[in-house]
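> As annotated in TrEMBL:
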- A:20-567: domain 'Aminoacyl-tRNA synthetase class Ia' (DOMAIN)
- A:49-59: motif ''HIGH' region' (MOTIF)
- A:528-532: motif ''KMSKS' region' (MOTIF)
- A:531: ATP binding site (BINDING)
- A:609-757: domain 'Methionyl/Valyl/Leucyl/Isoleucyl-tRNA synthetase anticodon-binding' (DOMAIN)
- A:814-876: coiled coil (COILED)
- A:816-880: domain 'Valyl-tRNA synthetase tRNA-binding arm' (DOMAIN)
RNA sequence: GGGACGUUAGCUCAGAUGGUUAGAGUGCUGCGUUGACAUCGCAGAGGUCACUGGUUCGAUUCCAGUACGUCCCA
């Protein structure tokens, strides 16, 4: 034994190993994909994380899944391209920089647009590679030479191109419209950026007296009394008898005194509140719609900071919440407040800063969605795009079918500026890829729209902008449509849907064939990880303490596609222990390969050899099938069980006598061959899941080639499939386990050699036992005799009955007869219960007549076997009781 | 209000086109350092597969409803 091998530590330490191999892979350009027409493409575009963000567990999961798929397909011989990149994240990034400026007591206006943008670019330079470095430590095998950024030259060109085309096709329009205004972020946001949260609130009932008859009034229920300052009408349901006589007449708005027409609109729900709704078109989206139908004026009373404006009269300057309190007091004083009820209602909040959204009128840019949505619906319906799991198709379709126009302008500076120019002298408005200085109509001075586009506008183009669009590149030719998109379920509407309609529109082909949706990583109590709760787990801490392989393995096991996953540190330990198990199995192999010669001829395969090679083929087949179906967790489980419960627990133990030279030198050679082959293939199968440790071990083992990354994904070898060997091993495992159980229950010290008599009437069973008696002796530490039948009952023997074999272990002086009888009785009871159930079926005529014959046969065989077992157990109990 | 998902061992989760001895990890109990590994080994205990009906020869699995939980949409 060489010193070198003794130096392999018994505990695997991932830290140096991981950085070492990642650097090697990246420097060797193993992640780079070139356009190769004759190779089958496999392409994933990475959901771009926020450029100045940090890696969180969601990223870790998402990118682990993508890396597994990419490494696996690459090993299968695909031309695998995984395109990485980052997103400029308009609101979030701008907010960060504004925060920084605030520390210097500066606002962005102090710098002006240009200087401010310089600061943001500086910020991006400073933090922009943080997350990509973090992705490297996770092991992501993406092609960094093709890394992109949503605001780089190419992506920006694509954004401009798309905007202009949609504009020219009439699918982008500008309108004075009600949108969601965030008073904190100082910008509009799109409908899906609004999060509805149920909040406790009050429903205020207010009297609106009739103009003609001060005695008569309508009671209005509202949760937002401060908006009454912007009321322009009252609406009732046209079927509502209570109010019909007032339709067309007027009410007087309390406090203000304004005259409000009563209108009839089917929108009003007669059963909610009082059935009469005050109309505030400038501050409520529903009122806005109704207002447009009825040609109502739009009176704005709240400003962009969320304060009451000059239209609010004496309330001007109050913020919306203070104003509400004051209005309520004033209404009370007037006697106009009828009652106040507590109720919970949904309030829209900004998904970035969690400020309550203020619906607000303003001029914004929109994308007309209907014409874009239709083909996107078709593509999912006819299966050109498949969601995994399938149920997300419905969620997607439901949203697409009810889609509203997309507000794409943002009142920010950081982003793609809207390429539209307005003439200062005439009404001319021009959209142009290249900057325009003067009006083509009147020659007047033009100014560009100050707003930028929604960040998602650029990410919607990601699958083709990253491949070179609008140019016709060879990359687009080979890799578009991409193979699969991997992302979280929280982002289907934001991103997936928009990529689909954009891809269909501009590439005339779906952007990906499959969408693999995963759940969220929750904390151990099932809550979302969030900064405010402080319950987040930093993937980098985990990589530091347990290694990236363990993190990856933990994230994808014990979980199924589309379902959320709770983060438990215990599970992380389990993954690390598995890595350590692999490490030690290979350590053992190394210790016995000092003289290994791949060309040496050995003896014939033993049963154990044939068995493990056959089981390996099963593992290859199953793991590959699961991967094809995106069941990555199941694939990992198969490999975990094969390597731990079969290879380590049984094969290595069975091979030890040969490896230790207790038999012939040729036997040792064969055992070496098998252990090397099985271990190496196991590592290859595990490589996509645990890239680092598998590379480290693979490199230490006898191997050919530069890296495990470049090996071929194992294919099942039909000639190595051996059902006979699997059947025989199953018998041996059952018998050995039975012997061990007796030893354990009778407290035979592990070091003490026991005696065992195995009785098998069936010749084939005897054959199995006799041929493999060495295995039985070594793994049960027993002296074994095989008999056809028991000539005389051994004195004081404990026993067990397995399929086809009876096990006796004479234990003079060690056996506790009562305990043994109890044990046998317990087993007997279980067997009898099973037997009763099986016989119940066989006595049922309906079952015999209607069940398929193979099922009936199976039950019959089971009954016979259980019957024999029961008889044997009964006999044993009788014998001992005598 | 509409919808999706979940409810299986103490905990976290798998699973079966309907017939299996219903599994894994972890935790628990007992024994243990046998020339890879105590981040380990051997053995064991632990489940009315949420509830109620229906379909069926047979349901934990399919269908309907109920309860509880999580989430999405409005």
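Numbers run from 1 along the shown chain.
A Cβ is built for glycine as well, from the same backbone N, Cα and C atoms used for every other residue.
Could you tell me the structural context for the features on the list?
Broken down with DSSP, the motif ''HIGH' region' (A:49-59) shows 3 helix, 1 strand, 7 coil.
Within its own chain, the motif ''KMSKS' region' (A:528-532) is flanked in space by residues 56-58, 520-522, 567, which lie at least six positions past its ends and keep a Cβ under 8 Å from the stretch.
Cβ neighbour count for residue A:531 (ATP binding site): 8 (other Cβ atoms within 10 Å of its Cβ, all protein chains included).
Residue counts of the domain 'Methionyl/Valyl/Leucyl/Isoleucyl-tRNA synthetase anticodon-binding' (A:609-757) by helix, strand and coil are 109 helix, 4 strand, 36 coil (DSSP-based).
The predicted model assigns the coiled coil (A:814-876) a mean pLDDT of 84.
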